[in-house]
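Have a look at the structure below, then the notes.
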């Protein structure tokens with residue numbers, strides 16, 4: 001009983017367990033095998049289209065997973081496996097597409113499918129179902145033995161994609177080679193008559209396509225090929241925006257990106273479609289970058305747009321959503337007017353496009369003149385106005401206005417512009433004036449300078465400048481000058497009196513306030529110290545010591561250093577408590593010296609020079625070397641001079657000069673330094689410290705030696721330019737000493753010649769007169785002073801013993817004397833009369849003349865000439881030229897007189913040319929007896945003739961000589 005009780009439950013459990021196991025086996029779904037109904041392909045797209053169904057489907061809908069396997073060439077060469085999930089409906093075909101990477105025309109493909117249930121409505125399936133049978137995809141074409149084919153034809157693809165080109169050629173064609181444009185490409189052999197060319201990451205070369213050309217090296221050599229149309233990659237639209245200007249339309253715009261159009265109609269420009277999700281409206285744009293969307297009145301405020309770009313290869317989309325009231329872009333203001341109020345004000349009015357009284361716009365007003373802009377904001381419903389104030393007279397202005405939504409700012413409207421001009425008014429500012437004064441011929445030349453007024457100060461076109469010059473000593477008298485614009489300076493010539501100068505400027509509406517300047521007596525003659533300053537890059541730091549506390553301010557003026565007193569003067573006005581300033585100017589240049597003057601201006605408007613300063617913003621090395629001359633040289637030295645070198649007009653302050661000397665010996669004595677040039681040549685250098693020393697004596701040299709020298713100045717920036725050396729040779733020592741002797745002697749001789757030439761007349765009269773005069777002969781006086789006075793001719797001490805006087809009796813024949821002969825009547829028949837002892841106590845010294853140029857017969861009215869001849873006989877042979885009877889007549893008539901009784905006796909001596917022809921009164925005689933040239937007598941030294949020689953015999957053949965024998969006692 002008990003056992004049965006225990007056994008019965010155990011049996012029941014076993015039966016239940018067996019039932020449960022059997023029910024599980026029975027409830028697991030049977031595997032479903034798909035059945036392929038249709039396999040098609042699209043060769044242009046290289047696409048395989050597959051359709052299949054699932055028989056014995058127990059549910060209306062069932063989620064299933066299909067595994068698709070594709071093989072190429074044969075079923076064992078699997079190239080593609082893909083799982084495809086979809087919902088399968090009873091008695092409805094499932095479709096699937098596959099794109100081949102190899103043209104379908106080149107090779108066969110095989111496809112099969114198996115399924116797996118993946119749905120909660122059915123018990124899960126633990127494994128894949130059975131495979132369907134294989135389906136062949138055969139689009140392969142046949143090729144003739146001598147031909148070749150290439151696929152795909154005119155392929156369209158995107159830049160950066162990959163493509164495989166298939167070559168098919170007949171059995172008679174071998175070794176086919178291909179080129180992409182001009183670049184060769186290599187392929188792989190698929191079978192004996194099919195080759196594949198794989199191109200990766202193709203690039204865009206042209207919208208007309210990229211050519212691929214092929215040719216066989218064996219068999220028919222016909223060229224064949226295809227064209228790849230590579231398109232730019234389609235981009236999604238950028239910066240998509242929509243706005244309204246009148247709440248009637250929405251203007252949507254975007255940036256389309258690159259153009260993907262291809263030629264030959266392979267691909268047109270991408271299309272753009274605008275779809276709004278709330279209204280379910282879609283519109284295709286006729287433009288590539290914009291579309292105008294019509295707003296339905298009162299329809300909606302919120303918009304959600306999708307903009308889609310599409311071409312043959314792909315689609316790109318972008319979304320935008322907004323509130324209409326937040327995208328308001330107002331139209332430009334209209335009816336803008338301007339009213340000029342005086343010279344400094346203008347009122348502008350305008351209107352806006354109405355959006356209702358509850359809609360407020362914010363308008364921006366802009367005033368522009370030149371580069372200056374002023375902006376103001378105004379709230380507007382329908383119309384508004386704005387008053388411009390503080391305008392400049394005689395100025396052209398541009399007024400602008402634009403508006404935007406005041407509640408939700410989106411964009412400003414376009415500007416509306418209006419131009420206007422303000423009228424002129426009198427200048428409002430006095431001129432900034434200054435002066436430059438210098439002396440010339442006892443007067444002052446004053447150059448007045450003034451700076452032009454700013455446009456805001458001139459208040460119109462400046463016409464002229466009026467200058468009034470008032471002499472403080474004569475205040476009622478003044479001079480007026482007018483200088484026409486645009487001149488900014490003028491010159492005045494004033495005396496040394498103090499003056500007041502008043503300057504104003506005028507435009508068409510009046511004159512400016514006057515500027516006053518006072519010139520004191522010493523203006524232009526101030527002597528102050530000058531110091532050197534160093535500038536910085538484009539500026540100078542100027543400082544000075546205040547002179548007095550009673551000052552109205554300071555003026556610093558400056559200009560570039562030049563030899564001309566007139567320069568482009570600049571100045572700067574400073575306050576009374578200022579003792580330093582920085583002067584900057586774009587005109588400052590390196591290597592140019594600038595002179596600064598600091599003036600103190602008193603309350604009386606007088607300017608007093610306080611200090612002078614000079615400097616460079618940057619010193620440069622000298623640009624020019626001095627021209628050196630050698631004024632003097634010796635065997636052991638020579639002198640170098642460069643006096644004409646102006647050190648004040650160089651590119652820097654001249655600190656000194658460097659003198660280089662080189663020779664063969666190259667021995668440098670102190671203070672010379674031995675130095676090297678860049679070309680490694682050795683020379684001696686001497687540093688002349690200071691710019692004023694412009695002379696140097698080079699000493700300790702060798703005679704007759706060649707030296708080379710070179711002189712260059714230097715500044716803080718360095719020495720001057722390198723130039724060629726000048727050669728000099730020292731002279732010989734002996735020739736130099738000889739020159740020292742000869743030169744003074746030559747100078748003395750030249751001086752003597754000059755003095756003699758200067759006193760030539762005096763020397764001639766004293767030493768060798770043209771007409772010797774014994775009474776004026778200084779030689780005689782010299783002899784007289786040194787010798788016995790009895791040996792010197794003294795007329796008053798000589799008494800003539802015998803005189804020959806030739807008289808010309810009227811009616812008688814003129815006596816003529818030939819050369820060396822006498823006429824018959826003149827030949828003495830008696831011996832000449834000779835003084836005897838009875839007449840004289842002893843020998844009487846007499847003067848003997850051999851010069852026949854003087855004749856004492858001047859006292860006779862019948863004057864005549866004597867024919868001189870050479871004196872061949874000695875003194876003791878000479879006789880009287882006159883016969884005794886004539887001599888007695890002379891004595892009787894008192895023809896002989898003391899020579900010293902009358903001064904006229906000196907002048908009564910008749911000069912007869914020593915070369916004169918015979919003087920004859922008979923023409924016949926002249927004809928028959930031509931004159932014979934005679935030797936010219938000369939004035940010879942007088943001598944004392946002894947008494948024993950007083951009466952020599954006269955021979956006929958002797959030449960005639962005029963002889964005078966004077967007795968000692970004759971007065």
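Cβ coordinates are placed from backbone N, Cα and C, and glycine is handled just like the others.
Among the features that Swiss-Prot reports, signal peptide is placed at 1-23.
If you look up Swiss-Prot, you'll see 74 (among others) marked as N-linked glycosylation site, on the strength of sequence analysis. Sequence-distant contacts of residue 74 (N-linked glycosylation site), defined as residues of its own chain at least six apart whose C-beta falls under 8 angstroms from its C-beta, comprise 110.
The N-linked glycosylation site annotation in Swiss-Prot covers 97 (among others), and the record cites sequence analysis as its basis. Using a 10 Å radius centred on the Cβ of residue 97 (N-linked glycosylation site) and all shown protein chains, the other Cβ atoms total 12.
Secondary structure from DSSP puts residue 130 (N-linked glycosylation site) in coil. There are 11 other CB atoms within 10 A of the CB of residue 130 (N-linked glycosylation site), with all protein chains counted. Per Swiss-Prot, the feature N-linked glycosylation site maps to 130 (among others); the stated evidence is sequence analysis.
Using a 10 Å radius centred on the Cβ of residue 162 (N-linked glycosylation site) and all shown protein chains, the other Cβ atoms total 11. Taken from Swiss-Prot, the feature N-linked glycosylation site covers 162 (among others), and the record attributes it to sequence analysis.
The local packing around residue 239 (N-linked glycosylation site), expressed as other Cβ atoms within 10 Å of its Cβ over all shown chains, amounts to 9. According to DSSP, residue 239 (N-linked glycosylation site) is assigned to a strand segment. The N-linked glycosylation site annotation in Swiss-Prot covers 239 (among others).
Neighbour list (residue 271 (N-linked glycosylation site), Cβ cut-off 8 Å, at least 6 residues apart, same chain): 284, 285, 309, 310, 311. Residues or ranges marked as N-linked glycosylation site by Swiss-Prot on the basis of sequence analysis: 271 (among others).
Sequence-distant neighbours of residue 304 (N-linked glycosylation site): residues of the same chain at least 6 apart with a C-beta under 8 Å from its C-beta are 276, 277, 278, 319, 320, 321. The feature N-linked glycosylation site is assigned by Swiss-Prot to 304 (among others), with sequence analysis given as support.
According to Swiss-Prot, the N-linked glycosylation site annotation covers 377 (among others), on the basis of sequence analysis. In this view, residue 377 (N-linked glycosylation site) is surrounded by 11 other Cβ atoms within 10 Å of its Cβ, with every protein chain counted.
Look at Swiss-Prot and you will find 491 (among others) tagged as N-linked glycosylation site. Close to residue 491 (N-linked glycosylation site) in the fold, though at least 6 residues off in sequence, lie 445, 446, 447, 448, each with a CB less than 8 Å from its CB.
The domain 'Fibronectin type-III 3' (524-620): residue composition by secondary structure is 0 helix, 48 strand, 49 coil, according to DSSP. Sequence annotations record features per position, and here Swiss-Prot assigns domain 'Fibronectin type-III 3' to 524-620.
Here Swiss-Prot flags 541 (among others) as N-linked glycosylation site, drawing on sequence analysis.
Around the Cβ of residue 577 (N-linked glycosylation site), a 10 Å sphere holds 9 further Cβ atoms from the protein chains shown. What Swiss-Prot records for 577 (among others) is N-linked glycosylation site.
In the three-state DSSP classification, residue 722 (N-linked glycosylation site) falls within coil. Taken from Swiss-Prot, the feature N-linked glycosylation site covers 722 (among others).
Annotated transmembrane segment per Swiss-Prot: 738-758, in sequence order, evidence recorded as sequence analysis.
Per Swiss-Prot, topological domain 'Cytoplasmic' is recorded for 759-971, and the stated evidence type is sequence analysis.
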Problem set entry | Neighbourhood of residue 722 (N-linked glycosylation site) by C-beta distance under 8 A, where only residues 6 or more apart in the same chain count | 712
Seminar exercise, completed: For residue 377 (N-linked glycosylation site), the closest of the glycosylation sites by C-alpha position, picking from 97, 130, 162, 239, 541, is 239
Seminar exercise, completed: In chain order, residues whose C-beta lies under 8 angstroms from the C-beta of residue 541 (N-linked glycosylation site), counting only those at least six residues away in the same chain, are 533, 535, 580, 581, 582
For this session: Pop the Cα-Cα gap between residue 239 (N-linked glycosylation site) and residue 577 (N-linked glycosylation site) into the table, whole Å please.
Result: 63
Problem set entry | Using Cα positions only, nearest of the glycosylation sites to residue 162 (N-linked glycosylation site) (97, 130, 239) | 97
Problem set entry | residue 239 (N-linked glycosylation site) versus residue 97 (N-linked glycosylation site) - Cα distance in angstrom | 36
Exercise. Between residue 239 (N-linked glycosylation site) and residue 130 (N-linked glycosylation site), what is the CA-CA distance rounded to a whole number of Å?
Worked result: 54
